[in-house]
């Protein structure tokens, strides 16, 4: 169903032109543009890392632009911080809700701006609740302002966030993946509120990857790719295939690889019926020795959650794990390591790498027992020799094994974590975003290392948000959406378009 309201086609409410933003070593945005009309829902789409969040954080005052101009109602404006954005009537509803569970609904809406009583000392609770109720009446929402937020469902908490934004007289709302944690009935209620806001002239920027939802709610869609603007089109005049083509249209790596046939190799890891709330829903897969199994999907699809669950970092509600054909119980990372499973987190500086320790101790961190002599003393020479051996094998660039890990490049830090699990004799390895934050040359080295590990019989799961990387490295690809495996692709048959189709649908398919 298409929106039944024709948005204002005159002067934009908000116009961003020529927006540029650079972070150390990365051009996040390059000559981007975006405009929002009063009384429209404008979808913003792009792959992970396309620059959507950075652009919206500039509009919300979280980041400062390095180039370009922002106009409201045709006049140039400066948005120095989130308060300035609020003063201009720009509100943002983050995917991670920013509420205090112990406070009431009304207290959350007006936190820091509570109406005061006669002498300006005490909060006027009656007026506080009355003002909140007035906003809910505008939203046609039956919600008691006195209810503690912690007692509400996620959907109701999201409504409180919207009410908070409206309390600033917001003329523009940015919604980042607003339906990620909602069921169908809750999505319908959210869409009703969005349509009401649109009818009252509020402009809404809607960030989502869910094509079926965008068909129902969006008037226009803008696509970004690699930090650049691609196109803006009316939603009624485009197709899912066209949008996906715009999202993944960058030139692929020209290097071609013929993955080895691992179909006859021993199954190293088998997962059946893995579930944890809404994050992981009946996930099952097999992983063979010598195989690189790619996990693709959009942000929030559940890939990292699966890896953490198998590694014992997060509890599960149900599921069976078999290692080399044997059923095992994994409740903690120590259990996983005991069965030869290693996990390289996407956030290596906080999980997996002791950033303040030296190279030697980081490599030996998970294998300290083997270096204990007579139950009391550490074999410092043995640790040093082992660390030096892996520094040579993995070509870790460091002046010595005594160098603090924090002084090494991202690529070399990643190699240290790999060395740690190899020293621990792990033969099943989960790599979560293995090349995030490292340069092109270091990426190539990591790719070669993964290939070498697979050739040596290691069983590898590689989670990556970069589709060219998934296509280049994987022998087989599983795609996830909303906690489910929605499809499996053989490397020879996989394309970016097929992956994106599976990453934006909710039912399982096998494409070939």
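Placement of Cβ uses the backbone N, Cα and C atoms for every residue, glycine included.
The feature ATP binding site is assigned by Swiss-Prot to 46, 47, 48, 49, 50, 51, 52, 53. Taken from Swiss-Prot, the feature domain 'ABC transporter 1' covers 14-251. Feature annotation from Swiss-Prot assigns domain 'ABC transporter 2' to 262-507; the stated evidence is sequence analysis.
What Swiss-Prot annotates, mapped onto the structure for a quick look.
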residue : record           : Cβ within 10 Å
46      : ATP binding site : 25
47      : ATP binding site : 24
50      : ATP binding site : 22
51      : ATP binding site : 24
52      : ATP binding site : 23
53      : ATP binding site : 22
For residue 50 (ATP binding site), what is the secondary structure state per DSSP, taken as helix, strand or coil?
coil
